[in-house]
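Notes follow the structure.
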């Protein structure tokens, strides 16, 4: 008996094949299957943000002005989180809160959930786009894996943290000054700077910046095919097509500087990938911990001694007092519905912390 092995061919393409051919066609802007998620979500997220920062007030949710229409500028405008009373409602336009009324939906903070959810799926779509293109041109998927780090940070800060708290109210609003206020909130209520996961994140981001600067300078320093452009300094031609720097020379240089150096390009570039991605992932895990109100380092012995001995003080105990001041000021301002009334003697007074 003879068995013929071969690929099964269809006489005519079905709808999937037609869609696949159109979506993945080589064009100026690649669409792909991931584009079905990326482009609509990115469009709605950016459109919602521009709409909110231009027209929508935060008076009903935070008692604040937050739009260009009210006099804010690029640094102070924001799309604000919903009120605390709305808890974790998705705030759908057709939901029980807004009941299809667009103006009421904006007043309630519906644009924030709209931007946050479409933004999250837009970022995921961008990562899938990198997977799809890498597969199409037979590359490894490390670009997509690296991009998972900022996605993890976004999801942990904007979605998981408020899900662990009482509502979307405690997430950051989408604006520059709003993010700064959220950072102060994190410090005052969670002592975030003393959290080991934050420390790993800082080490990852700053370490990556250092590696990037060193790597770029080293490659430029060890070019062995000089450019001859009249408008720039020698040995630098940004349009040079081929790779003409000396890894051996770079290795000798850094071996003399540090005593150690990367021996090959693969290990060097993997390390440049590993440092920032690991740092961002660690900080994302730390924010998940804050969602559950896990504490940072507590040096209680220093606090007790500082309370007993007026002459004993450390930078740690000063920071703890500063955090208490942040909490005392922010809690009453940010949560007026709680009717938090602090007696005058516990409120911070200028520098007398």
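The backbone N, Cα and C atoms fix where each Cβ goes, glycine too.
Owing to the predicted nature of the structure, the values given are computational and were not obtained by experimental measurement.
Feature annotations, courtesy of Swiss-Prot:
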| type | residues | note |
| --- | --- | --- |
| BINDING | 118 | chlorophyll a ChlzD2 binding site |
| BINDING | 130, 143 | pheophytin a binding site |
| BINDING | 198 | chlorophyll a PD2 binding site |
| BINDING | 215, 262 | plastoquinone binding site |
| BINDING | 215, 269 | Fe cation binding site |
| MOD_RES | 2 | phosphothreonine |
| MOD_RES | 2 | N-acetylthreonine |
| TRANSMEM | 41-61 | transmembrane segment |
| TRANSMEM | 125-141 | transmembrane segment |
| TRANSMEM | 153-166 | transmembrane segment |
| TRANSMEM | 208-228 | transmembrane segment |
| TRANSMEM | 279-295 | transmembrane segment |
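Among the binding-site residues 118, 198, 215, 262, 269, the residue whose Cα lies closest in space to that of residue 143 (pheophytin a binding site) is 269. Straight-line distance linking the Cα atoms of residue 215 (plastoquinone binding site) and residue 118 (chlorophyll a ChlzD2 binding site), rounded to a whole number, equals 36 Å.
In the three-state DSSP reading, residue 269 (Fe cation binding site) counts as helix. Outside the transmembrane segment (125-141) by six or more residues, the chain places 24, 30, 32-35, 37-39, 41-42, 147-148, 151 with a CB less than 8 A from a CB of the stretch. The two recorded residues, residue 262 (plastoquinone binding site) and the residue listed as 'chlorophyll a PD2 binding site', show a Cα separation of 28 Å. Within its own chain, the transmembrane segment (279-295) is flanked in space by residues 148-150, 152-153, 155-157, 160-165, 186, 190-192, 195-198, 200-205, 207-208, which lie at least six positions past its ends and keep a Cβ under 8 Å from the stretch. The secondary structure of residue 130 (pheophytin a binding site), as reduced to three states from DSSP, is helical. In the shown protein chains, 22 other C-beta atoms lie within 10 A of the C-beta of the residue listed as 'chlorophyll a PD2 binding site'. For residue 118 (chlorophyll a ChlzD2 binding site), the nearest neighbour among the binding-site residues 130, 198, 269, judged by Cα separation, is 130. Around residue 269 (Fe cation binding site), there are no C-beta neighbours below 8 angstroms that are at least 6 residues distant in the chain. Reported as a whole number, the C-alpha separation between residue 130 (pheophytin a binding site) and residue 198 (chlorophyll a PD2 binding site) equals 28 Å. In the structure shown, across all protein chains, 118 is the one of the binding-site residues 118, 215 with the greatest number of other Cβ atoms within 10 Å. Cβ neighbours within 10 Å of residue 143 (pheophytin a binding site), excluding its own Cβ and spanning all shown chains: 15.
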